[in-house]
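Following: one structure in structure tokens, then a few remarks.
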Amino acid sequence: MHPSDQTIFALATGPLPSAIAILRVSGSRAGDVLRALTGSLPPPRRAVRCDLRSRDGDLIDDGVALWFPTPASATGEDVAELHIHGSRAVAAALIKTLSAFEGVRPAEPGEFTRRGFENGKLDLTEAEGLDDLIHADTDAQRRQALRQLGGVLGDRARQWRDQIIEALALVEAGIDFSDEGDVADELMGPARAKIAELSAEIAEVLAEQGRGEKLRDGMVVAIAGPPNVGKSTLINRLARREVAIVSPHAGTTRDVIEIQLDLDGYPVTVIDTAGLRDSDDPVEQEGVRRARLRAAAADLVLWLSTATDASDPDVKGPEVWRVRNKIDLANGEVAESGPSQPVFRISAATGEGFADLLRELTRFAAQYFGSAEAGLITRDRHRRLLADAAASLTRSLVPGLAEEIVAEELRASAHSLGRLLGRVDVEDVLGEIFGRFCIGK
């Protein structure tokens, strides 16, 4: 029996013990399993309290069963849900009983969603939206994932693909009537107009500057500077807990420390880097090398120095802010800054000035992400396939191109959109996408 023909089961809820746990069963034998466990099938889509018993008749638990017959289920197959007490012993006994049924096996990660995809319950962009929703850390990410799960990109891609196929039909009809010049011209004119319109629409989406990808991946802020200027104290204050060792000895931080922040719904990763200085210690040298690499790759660098240090930042990046720390120890002596050099003066130890820095970080994050929720593209896969589709459309509009070549370019464009939706030739990416899901999803 092929694995896709087998009935699968998995725990669909979080770690045990818990108040309740849910086991999900999907496949052709789901009804047989449910009937064997409870004695009968409950009415479809109604929660029914029941005794769950082993095949020997021993009581496993007093639980709740739900029955979703095909095709009206999340996977498109027969699906049963068993709501039990969230005990490790209860779950283990039920899993042992399920494993004893012939043709029934534990599910692989993401296998329930993959079966839903294969049975037409959702397209590949919607499955990716579900994955993003599961992994969302902030409210903005949650909203974007829900839009993707709701089909915001998939619906547009389907519309574009349908219109390309309509234009292709006109082009092929023109080829069939190529001996009758007027008829062929009358068909090719509307086809080219439609192609130009579609090409402009997709180009507009591609010009969104990666807003959706930015929100999915988050913004990176690096804290950099010389040793002993309070970088670890600042990241601890941002994290509101101790994540880095604070020490008066230079070179304490040798590796990069990361924290995840939710700044007004925006996902931000803050990294604390090793103090930048010359050192004979090979371990510290490696830490400094990594610090420079991470700072250069960050979206924003907070260059930390003492309150009296007016030296220029020793890092490069798209955006570098000067942060003068330890103003509580400066005795009123704070270095000045030039007119084009805004400076934040703080005490990471006492919190003085920290609210102003945090407010500007939040403002910068909002500006960085922009109206990300209006973006359609959330993954590199989306951008690559849309770019391929747009390139084929552009090539099809080259003046004087033979109608047969135009038709071939339109087929290639429709094929790229089909790959985006998961309709054609995507077996190579399915394992990667669904493998990120939890077991039981």
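Keep in mind that glycine also has a Cβ here, set from the backbone N, Cα and C atoms.
In the three-state DSSP classification, LYS121 ((6S)-5-formyl-5,6,7,8-tetrahydrofolate binding site) falls within coil. What Swiss-Prot lists as (6S)-5-formyl-5,6,7,8-tetrahydrofolate binding site is ARG24, GLU81, LYS121, LYS441.
Here Swiss-Prot flags 228-233, 247-253, 272-275 as GTP binding site. DSSP assigns SER232 (Mg(2+) binding site) to a helix in the three-state reduction. For SER232 (Mg(2+) binding site), the count of additional Cβ atoms within 10 Å of its Cβ stands at 22 [all protein chains shown].
Residues or ranges marked as Mg(2+) binding site by Swiss-Prot on the basis of sequence analysis: SER232, THR253.
As annotated by Swiss-Prot, K(+) binding site applies to SER247, with the evidence given as sequence analysis.
Annotation comment: Swiss-Prot describes 218-366 as domain 'TrmE-type G'.
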C-alpha of ARG24 ((6S)-5-formyl-5,6,7,8-tetrahydrofolate binding site) to C-alpha of ASN228 (GTP binding site): distance in Å?
54
Fewest other Cβ within 10 angstroms of its own Cβ, chosen from the binding-site residues ARG24, LYS121, LYS231, LYS441:
LYS121
If I take the alpha carbons of LYS121 ((6S)-5-formyl-5,6,7,8-tetrahydrofolate binding site) and ASN228 (GTP binding site), what is the distance between them in whole Å?
56
What average pLDDT is reported by the model for the domain 'TrmE-type G' (218-366)?
82
Spatially speaking, which of the binding-site residues GLU81, SER232, LYS441 is closest to ALA274 (GTP binding site)? Use C-alpha to C-alpha, please.
SER232
Largest inter-residue Cα distance among ARG24, GLU81, LYS121, LYS441 [record-listed (6S)-5-formyl-5,6,7,8-tetrahydrofolate binders, Å]:
18
Including all protein chains displayed, how many Cβ atoms other than that of ASN228 (GTP binding site) lie within 10 Å of its Cβ?
17
